Amino acid sequence: MAEAKKPGPERISILGEANIIVDHGLWLNFVVDDLLQNTPTSTYVLITDTNLFDTYVPAFQAQFEAAAEGKATRLLTYTIPPGEASKSRETKAEIEDWMLSQQCTRDTVIIALGGGVMGDMIGYVAATFMRGVRFVQVPTTLLAMVDSSIGGKTAIDTPMGKNLVGAFWQPKRIYIDLAFLETLPVREFINGMAEVVKTAAIWNETEFTVLEESAAHILECVRSKGEGRLTPIKDVLKRIVIGSAGVKAEVVSSDEREGGLRNLLNFGHSIGHAIEAILTPQLLHGEAVAIGMVKEAELARYLGVLRPGAVARLVKCIASYDLPTSIHDKRVVKLTAGKKCPVDVLLQKMGVDKKNDGQKKKIVLLSAIGKCHEPRASVVDDKTIRTILSPSIQVTPGVPSNLDVTVTPPGSKSISNRALVLAALGLGSCRIKNLLHSDDTEYMLSAIHQLGGASYSWQDAGEVLVVDGKGGNLQASKEALYLGNAGTASRFLTTVVALCSPSESASSTILTGNARMKVRPIGPLVDALRSNGVEIEYQGKENSLPLRVDAAGGLKGGVIELAATVSSQYVSSILMAAPYAKNPVTLRLVGGKPISQPYIDMTISMMASFGVHVTASSDEPNTYHIPQGQYQNPSEYIIESDASSATYPLAIAAITGTTCTIPNIGSKSLQGDARFAVDVLQPMGCTVNQSDYSTTVTGPAPGELKGLPHVDMEPMTDAFLTASVLAAVASGKTQITGIANQRVKECNRIAAMKDQLAKFGVQCNELDDGIEVLGKGQDGGISAPTVGIHCYDDHRVAMSFSVLAVASPSPVIVTERECVGKTWPGWWDILSQAFKVDMIGHEPDANADEEDSKSSVMERSVFIIGMRGAGKTTAGNWMAKMLGWKFIDLDQELERRAGCTIPEMIRGSRGWEGFRADELSLLKDVMAKNSHGHIFSCGGGLVETPEARQLLKDYGRNGGNVLLIHRDTEQVVEYLMRDKTRPAYTSEIREVYLRRKDFYQECSNLLYYSPHSESSGSKSEIPCDFQQFVSSISGRSTHLKDVMEKDHSFFVSLTVPDVSEAASLIPEVVVGSDAVELRVDLLQDRSVDSVTRQVSILRALAKKPIVFTLRTVSQGGKFPDEAYEEGLELYRLALRMGMEYVDVEMTLPENIIQTVTESRGHSRIIASHHDPQGTMSWKNASWIPFYNRALQFGDIIKLVGVARSSEDNFDLAKFKSRMQEAQKTPMIAMNMGKAGKLSRVLNKFLTPVSHPALPFKAAPGQMSAAEIRRGLALLGDLDPCNFYLFGKPISASRSPALHNTLFGQTGLPHQYHRLETDNIQDVREVLQAPDFGGASVTIPLKLDVMGQVDELSEAARTIGAVNTVVPIGKADASDRRRLLGDNTDWRGMVHALRDEGVEEQADSETKGAAMVVGSGGTTRAAIFALHSLGFGPIYIAARNQAKVDALAADFPAEYQLQGLSQPSDADKVSSNLNVVISTIPADRPIDPSLQELVGALLSRPAVGTERRVLLEMAYKPSHTPIMQLADEAGNWTTVPGLEVLASQGWYQFELWTGITPLYRDARSAVLGL
């Protein structure tokens, strides 16, 4: 018997030739022979990308060489980097130059192996090389197979947009080998499905239906692992590809050069390409087209040429392939780092579309699934496009007079959701008509499908949904059911998933939603189900989603008690699932009168339609008996229109005096809201005609609506928003009650109406269960809002205010336009088409958007835990002081409430157990009542109580902050041994700590490890490291913003094995840097405890933000590449300790990157990639994948390559420039190696630097910050500035020595000069010079110069003198910068005093007193300095009492100034005088009476242990008479004036340059050391 011949490949004809060949296995089994036979040449050039070469080219080469043996032909190969970035003029030129170097001629055949990028660009090379050579397409992606490889369009991208330079150049062959799809990444496969969906949507509804039905199976196979993953869908894929390719071939054959018909293939592309042009390369072509299809379908619906059901069907199909349907899709936002697509830019991009007719934009409009409105793209005006693209809409008031319209609202949301649940639980097929096509029902439909509860298909152009129910046979889902903000779906499905049986992959199902859903209540339903044996676990906030529901296989049944006063949906949820319980159910509603009884009645009525009859108890109120059974699906179920939605068109009629008819809602409706016309509109003055099945309303003349003294809207609570906007324009007061449940809907709707109506000048009062609206009908009417109406992402708020906008005096902006999609996606279309309302899209100000998107600062209260003696109370007080919050020590609060001490409580009858119970009760109380704006210090043993631990863990998980305070255990032990104020430990202290250590860890999400001992420092003075920590964790740090605004910024990379051993180096090496990098991978000990200590020490020493880096071996570091668990533990530590920056390598596993980025709090992620081997080039697209990945996860992107030559640095600069033009995310990009030094000089933003004092450099070619500044100066990138000292006499001043020394040390090219003058006119020209960098000012110009500056600091204003001039901000058009006058004398004094141990005084009765000697200009600075340290009173000792009194009068009373002029005044001085500052000249004798007064005060015996310090402001002679008096008195430390000169100049340098040098260097320069 003859062997059956295997069928050959499928051939598709295009332009009269069968040149498209489709099959599995073509590449190695067919292509070589076919090429040699049908496309012979002397030279084949195979061009592919670096990703594909190794997999597909070597085997092909071997086959080719074997087949071509003896023939005069050769095969050349060339690779380019993958990705859209390669589709450029530069890459095209690179290929052409290479081909010329290979002596390719006119007979060359080019083979493009790859995706759309490869085919587009290589086709263009073929079209222009030697004026056109033959080429062959071998598409390897689904998108290329069905779209870009067919039709001869070739092009490259330009900065203006995609594919704008190219040619029509038909390939000689297109080999579509479906085997390539086996290795195609999941995202690329899904990307291609967009073009498949597009082709079916414009051409063939039958194929579209196949796509709908195949989506789940296709995705399951595509996402599976292993060889042969696509085998189960082999035939489906072949059908899809042949179908799509065939359509395109047919269209191209009819219209090769895109004269009209071929336009249709661009459905979704007009808007999609514009989106792609902005979001490329992070967003793929198919993803952009998917979004474009949705928008263009919405456009067709808005224009009235496409029915809403078709739009919903298209959106559902696109989403079913996991493609995005909106630019706000979470994945799109993440991939593109939230990059905006401004409407004006989108329209500009659309303006260069090749389909356009001059200025007229042409867009493909669908008229149905599988059919287009015209056989070409249609002209659409910009105003309409803008409306569809904009996030907000501007509604112009007014409708035509005598309007009489009929409006059919979408299907009822309430009935639609119930029908879907009942049909899915029922057995058999059910045709559901008039189903609401909305976000809510889409979530419900997707969830039921995910649970395997039913299959479904669309009929009658998407107007009928056919549900095939499986009789309640549901399976638990491994993937969470995401329900957005669909409250109805969440409540119904909570009970439905309890009916699930365990599946192979899951024994429970998680229900989750968006942020609002996670605060909406569901507690009563969960309580009822738990009481009936269903295991449900809250995954986040108690009483809200997300929930984990056990696959219980049904309820136990019997009696179920349910609180139904919040939502009737809880009742309906249990009612609908009850027939599948293991026993008959009696549902008893408790807690008071059930809310929204009509909706409960609706559910019972619908259950009867599906074959299950519920009976109300005859002897118990609010009790129902539900039998066991199985729903039997009716063959057809028609959903009546949504009565809540119907209130909006009826209200427009009411408010405008026109007529509107709703043809399918009348008095026999199942819905309570159907009564709105009769119960609300009629009493307000409307004419209402309601039959059994229709409602017609005619409004009174505009302005004649009457308010309702009282209306109970409990039967129709959702309609209260519509009533409220009508009440706003009515005369008199309207009181609406019975709507308490509206506070827990999509938003607090009562508060929302009150706040938004206020924008129209309407006053409202909130009631316990309602709202009171004071109508403006008799007061001249409502006023027009000056700002947009905020809709809270709530469909009913948006639609209600669109009604009011029609009656506004001027246009009204309604924000969040798309939120109406929840129940009436086509609402704006109805306003435009039926009511003829004029509207246009509106885009909020971009800056306002940016403000909204900023991460919020910490608002939730902080609970501090840790061992007694760790410093919780001290840290709590510090934190409260910094944040302006209230501090409460819970131990003290417990004692206050109990009226006895803790030791007394423990010794009492209830003992430790009673104490712990009261402690727990207090914790619960403050968590509930004081969840914001408080700092609580908890008792050390609180964590011993399991329930307390759970409370703390839950609090931390739900956005709260639990801070663990710890310090060296030995210090804690030593302190506790001395503390007698608390109960003694019954077990050894260390054992207690070790027992609690893990508890502290698990309960806290923040950690502060104090490097300060209990005895060190002032408890009133907040240490710098703690300030830095709180600033970071609270979101108040502006460091990133500050360094982004600087021209040049740096972080120094520490390369020390132990920070504590290098403690003396740290202050020196951080000079000139903006942050310090802790290379954790270089530490000797990387244990969590050790790293905790190292971070703590570094923060205290460096006083700079920390970059926490764990560099792996493969990225040039020392951390093991695959030590993932150890690495994750260290990353978690970094986040707990509030590291300002955490470096995360983009080569780490996805789960680690996700974990770190999602729990980062306010830490900034530096998403990094290093190429220490130098395998990648900045010239091509090889860095793009790493850039894109870093963009997804990073606040900062860091890319580091290797330079082989200087050219590599220029290539890098071009790459960086292109990326920064496209994205705002800041970027560090450099090359390693000697040749890469230039890139470090040019980087500018947070450049990693070394320091000569460090043991070695962190990377090859690393430079110091000073070296880079010198390099910048040589390149002309850092302009030299001139700084001056103004005054007279100044020839002996040490200021030039100070500043020029510091300029030299920090690498700055500036010079500091003396300008000796006593005339202010001499300095004016200098102050205006473009190269003026700053000035020091001394006598006699400190007052005169105040008139020459633009603004004064608070210190300069208070002191009344300027000693420092600082240019601020950017130069204006005349190259002049604004000048700030400041005074650093006081800061110099404070520094000198602090250096001698003077601490900030606690704000208490015990704070120290201080004295200033003298009454001149310097005295004022001394007073300011002492006040800043908290001293009070401050005495002024001077010989002239009148001058003293005048001086004191210039300062606020809070300074507590008191004058002393006679020796007898010494008796007025308090005994705790600890600080004296002398401001009198030292080169002349002291006034005798003043000397006697000062001598008497200095000679007093010391009180307490505080240090006594005398600061002498004069520095000639070196030992002054006042200093001599102090020496003679004894017990005084004297500080000479040169110390102040050094420190005030040190502060000046910091103000001018932003660099804080070492004080010892400034001091040495002044003292000439």
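Positions of Cβ are set from backbone N, Cα and C atoms, glycine also.
As given in Swiss-Prot:
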BINDING   49-51, 84-87, 115-117, Asp120, 140-141, Lys162, 180-183, Asn191  NAD(+) binding site
BINDING   Arg131, Asp147, Lys153, Asn163, 195-198, Lys248, 262-266, His269, His285, Lys354  7-phospho-2-dehydro-3-deoxy-D-arabino-heptonate binding site
BINDING   Glu195, His269, His285  Zn(2+) binding site
BINDING   Gly866, Met867, Arg868, Gly869, Ala870, Gly871, Lys872, Thr873  ATP binding site
REGION    1-382  region '3-dehydroquinate synthase'
REGION    859-1053  region 'Shikimate kinase'
REGION    1054-1267  region '3-dehydroquinase'
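Location within the structure of each feature annotated in Swiss-Prot.
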residue : record                                                       : DSSP class
Arg131  : 7-phospho-2-dehydro-3-deoxy-D-arabino-heptonate binding site : helix
Asn163  : 7-phospho-2-dehydro-3-deoxy-D-arabino-heptonate binding site : strand
Leu181  : NAD(+) binding site                                          : helix
Arg262  : 7-phospho-2-dehydro-3-deoxy-D-arabino-heptonate binding site : helix
His285  : 7-phospho-2-dehydro-3-deoxy-D-arabino-heptonate binding site : helix
Gly866  : ATP binding site                                             : coil
Gly871  : ATP binding site                                             : coil
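In this structure, the binding-site residues Gly866, Gly869, Gly871 were compared by how many other Cβ atoms lie within 10 Å of their Cβ, and the smallest count belongs to Gly869.
Using Cα positions, the member of the binding-site residues His285, Arg868, Gly869, Gly871, Thr873 nearest to Glu84 (NAD(+) binding site) is identified as His285. Cα to Cα, Arg868 (ATP binding site) and Arg262 (7-phospho-2-dehydro-3-deoxy-D-arabino-heptonate binding site) are separated by 78 Å. The C-beta environment of Thr873 (ATP binding site), restricted to residues of the same chain at least 6 apart in sequence and closer than 8 Å, consists of Asp889, Ser937. Considering only the binding-site residues Leu181, Asn191, Gly866, Gly869, Gly871, Asn163 (7-phospho-2-dehydro-3-deoxy-D-arabino-heptonate binding site) has Asn191 as its nearest partner by CA-CA distance. Asp49 (NAD(+) binding site) carries a strand DSSP state (E or B).
For Val117 (NAD(+) binding site), the nearest of the binding-site residues Val197, His269, His285, Gly866, Ala870 in terms of C-alpha separation is His285. Spacing of Met867 (ATP binding site) relative to Val197 (7-phospho-2-dehydro-3-deoxy-D-arabino-heptonate binding site) is 62 Å (Cα to Cα, whole number).
Nearest neighbour of Gly871 (ATP binding site) by Cα distance, taken over the binding-site residues Asp49, Leu181, Asn191, Arg262: Asn191.
For Arg262 (7-phospho-2-dehydro-3-deoxy-D-arabino-heptonate binding site), the nearest of the binding-site residues by C-alpha distance turns out to be Asn191; the candidates were Asn191, Gly869, Ala870. When other Cβ atoms within 10 Å of the Cβ of Leu265 (7-phospho-2-dehydro-3-deoxy-D-arabino-heptonate binding site) are tallied across all protein chains shown, the result is 24. Closest by Cα distance to Asp49 (NAD(+) binding site), from the binding-site residues Arg131, Val197, Leu265, His269, His285, is His285. A separation of roughly 54 Å, to the nearest angstrom, links the Cα atoms of Asn191 (NAD(+) binding site) and Lys872 (ATP binding site). The record gives Glu195, His269, His285 for Zn(2+). Within 8 Å of the mean position of their Cβ atoms, the other Cβ atoms in that chain belong to Leu143, Asp147, Ser148, Ala194, Lys198, Gly268, Gly272, His273, Gly286, Ala288, Val289, Gly292. Counting Cβ atoms from all protein chains shown, Glu84 (NAD(+) binding site) has 22 others lying within 10 Å of its own Cβ.
The binding-site residues near Leu265 (7-phospho-2-dehydro-3-deoxy-D-arabino-heptonate binding site), taking a 10 angstroms Cα-Cα threshold over the set Lys87, Leu181, Glu195, Lys872, are Glu195. The 10 Å shell around the Cβ of Val197 (7-phospho-2-dehydro-3-deoxy-D-arabino-heptonate binding site) contains 29 further Cβ atoms across the protein chains shown. The two recorded residues, His269 (Zn(2+) binding site) and His285 (7-phospho-2-dehydro-3-deoxy-D-arabino-heptonate binding site), show a Cα separation of 9 Å. The two recorded residues Gly869 (ATP binding site) and Arg131 (7-phospho-2-dehydro-3-deoxy-D-arabino-heptonate binding site) have their Cα atoms spaced 84 Å from each other. Within 10 Å of the C-beta of Asn163 (7-phospho-2-dehydro-3-deoxy-D-arabino-heptonate binding site) there are 19 other C-beta atoms, taking all protein chains into account.
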